[in-house]
Amino acid sequence: MRIQSLLLLGALLAVGSQLPAVFGRKKGEKWGGCPADDGPCLLSVPDQCVEDSQCPLTRKCCYRACFRQCIPRVSVKPGSCPQDQLRCLSPMNHLCHKDSDCSGKKRCCHSACGRDCRDPARG
């Protein structure tokens, strides 16, 4: 009985170590995403972090105003944004800033003229 328990524990640990790869996350990468960064680069500031594991629990290491820093993560909906083949002739206009600004399964995606809510790409 004891050997079976150890084998089961070993198998669970082996499978658990592969979960980040299965779900597309790197080891040490936290759930969630980084908020959009629309800020201009005003200063050359050294990065405050290199990876998520250097940040407190609810924060991710994200680019913000031209350098990496620990900021609150945002929820990310499943699926990827469709490619936009258009060119914008008007000024950028953002209709959303993060996925939670969009209804249902729609994601906040970059388009030619800014960000807007779109259905995720199929595939």
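Yeah, the Cβs are placed from backbone N, Cα and C, and that goes for glycine too.
Computed from a predicted structure; not experimentally measured.
Here the candidates are Cys34, Cys88, Cys96, and Swiss-Prot names Cys34 as the disulfide partner of Cys62. In Swiss-Prot, Cys109 is paired through a disulphide bond with Cys81, chosen from Cys81, Cys88, Cys96, Cys117. For Cys102, the disulfide partner named by Swiss-Prot from the candidate list Cys88, Cys113, Cys117 is Cys117. Looking at Cys88, Cys108, the record from Swiss-Prot puts Cys96 in a disulfide bond with Cys108. Per Swiss-Prot, Cys88 makes its disulfide bond with Cys113 among Cys55, Cys61, Cys113. Only one of Cys55, Cys66 is recorded by Swiss-Prot as the disulfide partner of Cys70: Cys55.
Per Swiss-Prot, the disulphide partner of Cys49 among Cys41, Cys61 is Cys61.
In terms of C-alpha distance, the listed disulfide-bonded residues Cys55, Cys62, Cys117 place Cys62 closest to Cys41 (disulfide bond). For Cys61 (disulfide bond), the disulfide-bonded residues whose C-alpha atoms fall inside a 10 Å radius of its own C-alpha are Cys55, Cys70, out of Cys55, Cys70, Cys81, Cys108, Cys117. Neighbours of Cys81 (disulfide bond) among the disulfide-bonded residues Cys34, Cys49, Cys108, defined as a Cα within 10 Å of its Cα, are Cys108. It is 26 Å from the Cα atom of Cys102 (disulfide bond) to that of Cys66 (disulfide bond). For Cys108 (disulfide bond), the nearest neighbour among the listed disulfide-bonded residues (Cys55, Cys70, Cys88), judged by C-alpha distance, is Cys88.
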